[in-house]
Amino acid sequence: MSAEVIDGKAFADGLLRALEDDVRAFKKEHDLVPGLAVVVVGHDPASQIYVGSKARRTVEIGMRSYEHRLEEATSEADLLALIRRLNSAPEVHGILVQLPLPPHIDDAAVLDAIAPEKDVDGFHVINAGRLATGQSALVPCTPSGCLQLLKSIHGDLAGMRALVLGRSNIVGKPMAQLLLAESCTVTIAHSRTRDLPGECRRADILVAAVGRPRMVKGDWIKPGATVIDVGINRLPAVDGGKGKIVGDVDFEEALAVAGHITPVPGGVGPMTIACLLQNTLKAARVQIG
Ligand SMILES: Nc1nc(=O)c2c([nH]1)NC[C@@H]1CN(c3ccc(C(=O)N[C@@H](CCC(=O)O)C(=O)O)cc3)C=[N+]21
């Protein structure tokens, strides 16, 4: 038996095509182009690549992209001043500040300075609180993408046992909230969990978001389970090449046990960008009232 591999790239492309139509209709109805501002501080090569592909997709579906590339040495005060400008810029409906930020800048202070209605990452405490209390919210993009994949496979998720491996504010916690809202029985596991393999083996849905290459082994997976791999880990380069990117799940082993599984790359990653643009259109809709 071999798992069905979930084609996140194809699914995301479908979402982007649908979104392009929605953006066209929105422009016609409101005579307004949704705009996304992306702020990146410093010269981390991976961040530069992500930001470039976000900007390209934004323009492809008919929205406007505003890129702000700041020096590594930018002060927190200058970054906060830029965010305040973007908060009050009417052409900007979504603001994303690329993480990680340089160590001299306080992430939480920056994320909380973003106007909650423009917080297309869903990282502001107001959006986290709204999600946790069942109110309409801008939902973090990666968990939102994972949920859309899961619903496309299972339809109704009610009653399923879901295990989220990882408890970060940007993936693990919001993922658990979304699954709970779908009436799953949710476990959040982490580095201090006892008998992690045993906990994982009980799960019908396993979402791995710990950032440890190939940590989840084949015998941690319940036969037939759906495995969503959020990890993007670059292995050390060999022979001067670029290191290969692998997930948090040992894909080859999991393939023999799972029912469905997302690959890395080509799984959750492309969904994250599609959800970012969904959030930007949603934010524009809310802002025009
Ligand atoms: N404020 C903020 N919001 C983010 O959403 C955010 C961030 N900061 N910092 C960095 C991470 C990372 N991230 C990715 C998005 C798409 C892919 C993606 O599309 N990956 C492709 C290609 C992978 C490759 O080959 O490099 C794939 O998985 O198939 C990956 C990673 C968003 N992030």
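Quick reminder: no glycine exception, Cβ is built from N, Cα and C everywhere.
The model shown is predicted, which means the values in this text are computed figures rather than measured ones.
According to TrEMBL, the protein has these features:
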DOMAIN    6-121  domain 'Tetrahydrofolate dehydrogenase/cyclohydrolase catalytic'
DOMAIN    140-286  domain 'Tetrahydrofolate dehydrogenase/cyclohydrolase NAD(P)-binding'
BINDING   Gly166, Arg167, Ser168, Ile232  NADP(+) binding site
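When the Cα positions of Gly166, Arg167, Ser168, Ile232 are compared pair by pair, the longest gap among these NADP(+)-binding residues is 16 Å. Under DSSP, the residues of the domain 'Tetrahydrofolate dehydrogenase/cyclohydrolase NAD(P)-binding' (140-286) split into helix, strand and coil as follows: 57 helix, 26 strand, 64 coil.
Here the domain 'Tetrahydrofolate dehydrogenase/cyclohydrolase catalytic' (6-121) has a mean pLDDT of 97 out of 100.
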